[in-house]
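Noted in TrEMBL for the protein shown:
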- 1-75: region 'Disordered' (REGION)
- 13-27: compositional bias 'Polar residues' (COMPBIAS)
- 28-45: compositional bias 'Basic and acidic residues' (COMPBIAS)
- 49-61: compositional bias 'Polar residues' (COMPBIAS)
- 92-110: transmembrane segment (TRANSMEM)
- 130-150: transmembrane segment (TRANSMEM)
- 162-184: transmembrane segment (TRANSMEM)
- 190-207: transmembrane segment (TRANSMEM)
- 219-238: transmembrane segment (TRANSMEM)
- 250-270: transmembrane segment (TRANSMEM)
- 298-322: transmembrane segment (TRANSMEM)
- 334-356: transmembrane segment (TRANSMEM)
- 368-391: transmembrane segment (TRANSMEM)
- 411-433: transmembrane segment (TRANSMEM)
- 440-459: transmembrane segment (TRANSMEM)
- 502-526: transmembrane segment (TRANSMEM)
């Protein structure tokens, strides 16, 4: 791990607030050399103090024993704060934090299940159903550029501050979505929404890593993800009721009211426990001495504002033309399409040069990628996300049009992943905790996933039983859930606690770029194959209504099942979807190479956290 030792360190002159370790008894400032042994459980702490019992109600150090292990002097504030918290809180506090994280995942899973079923209808109201992928591309591109700055924010300011900022963005996004009246406004709202909820999930994942031993982390992640088992069915039915009764805008509005009340307790708990650590004398916070404008300049450099702008705008401008070119006046010959491609490519090129030669603080910690495990996990995540989103964004519409399912029924099928993964991950987490190994699971998951997605090519056609699609979704869920948990464990096992947020940030950046690339490929294939399929299969009598059929899901569903027009629409869907799946299935073969790159790390042999943890 020596290759990472210099990444993310802050000088004492640069930090807004500094963390100083102190002796509990004398309250005098001391410098403590890094200790090789980490106290990762209550028994370890008790053993150091010569006690066979642990006082879970009052875990703070007393007497002369070194029950509190001060962080290294170069430890960043956010990491030092969490190490102080985990060494001073009680078991009850740990349980309360995990319970609140579970509740946050519940509300996130519920709103995601509801809104994902509403968005196709909302875009159809503006005759823009075919531009559905545009929303996802823009949001994913901006979000991808913000993970690393968010990780730095959590390390520099603190975990609570990073979480609060993401909760604020998510709430603003929901409010904007409830108030929007056209596609551009909704697209802007979705950027805030996606950034907020994706960032909140990222901060919660970092907190889970802070509060769990590495061998138990898979089980901890499985526990926090388990709400998806409940919301998979409840969310779909709720979406149908919202659509038919109170209207889509209220669907967004309700969550904008509920979410802040669910998010607030976790922030307050974190702030309370760090304040308790400060009162106990474990950390002393001092002013940086900078003026307001000096702080603005410092954080603009620290969070690489220039790099964030170049990266996000470059991705958006480069990916979007692939999705909107077919609707342009002269398609690929249209001036603004060419301009967007050229400008996007140039911005990405400038971003690379800027990060390589000029950036005072690099957005991406390229040193991590010299580690083959980190690189393999990132490539596995990017490939999996790309291949999945090659076809998934129009899956709900496909089920309603081709299989004649209701909104709720389509949601049930589409959420098979959430149900299966929610149950399976608990078992996978337990197996990893028992064995200390995770790579063997990947060798099972990759071929199973490819097999299942290949079967989807055959069954994604008219006149096929929806039961076969559910079967394929179950297999895909097994493979995909193993990917998600093993990627996180692989990258966390390769770094120390100091760099957990940065490592997870890189994984999320690469994965989100994979999302955007998958949506881009999906949009490009959809625009060129669905329109071709409609022109090929639609009866002459329905051609006058071509534009509405192409852009409006309600119009597609208005034709009765079995009529020539509905059959033609179903054939056009199948024509497009089989090609989307074929691309995704072929690219998934690369995952065998990425799994080979990941080292078979013994998680039980890697100490990482301190204090009372899971």
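Note: Cβ is positioned from N, Cα and C throughout, glycine not excepted.
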Exercise. Where among 92-110, 190-207, 250-270, 298-322, 334-356 do we find the most Cβ pairs under 8 Å to the transmembrane segment (219-238)?
Worked result: 92-110
Problem set entry | Paired segments the transmembrane segment (298-322) and the transmembrane segment (190-207) in contact, 3+ CB pairs under 8 A | no
Exercise. Apart from its near flanks, which chain residues at least 6 from the ends of the transmembrane segment (440-459) lie with a Cβ under 8 angstroms of it?
Worked result: 380, 384, 387, 391, 428, 431-432, 468-469, 471-476, 478-480, 482-483, 486, 578, 581-582, 584-585, 588-589, 591-592, 595, 598, 600
Exercise. Who are the chain neighbours of the transmembrane segment (368-391) in space, where the CB to CB distance is under 8 Å and they lie at least 6 residues beyond its ends?
Worked result: 3-4, 7, 136, 442, 449, 453, 456, 480, 483, 486-488, 490-491, 493-495, 499, 502-503, 506-507, 510-515, 517-519, 521-522, 525, 577, 580-581, 583-585, 587-588, 590-591, 593-599, 601
Seminar exercise, completed: Long-range Cβ contacts under 8 Å made by the transmembrane segment (250-270), restricted to residues 6 or more beyond its ends, are 85, 93, 96-97, 100-101, 103-104, 107, 111, 114-115, 118, 158-160, 163-164, 167, 170-171, 174-175, 177-178, 200, 204, 207, 239, 242-243
Exercise. In the same chain, which residue numbers or ranges, 6 or more beyond the ends of the transmembrane segment (162-184), come under 8 angstroms Cβ to Cβ?
Worked result: 78, 111, 123, 126, 128, 131, 135, 150, 153-154, 190-197, 199-200, 202-204, 207, 249-250, 252-253, 255-256, 259-260, 263, 266-267, 270
Exercise. What parts of the chain pack near the transmembrane segment (130-150), using Cβ distances under 8 Å and only residues at least 6 beyond its ends?
Worked result: 119-120, 123, 162, 165-166, 183, 186-187, 190-191, 193-195, 198-199, 202-203, 303-304, 307-309, 311-312, 315-316, 319-320, 323-324, 327, 363-365, 389, 393-394, 502, 505-506, 508-509, 512-513, 515-516, 519-520, 522-523, 526-527, 530, 550-551
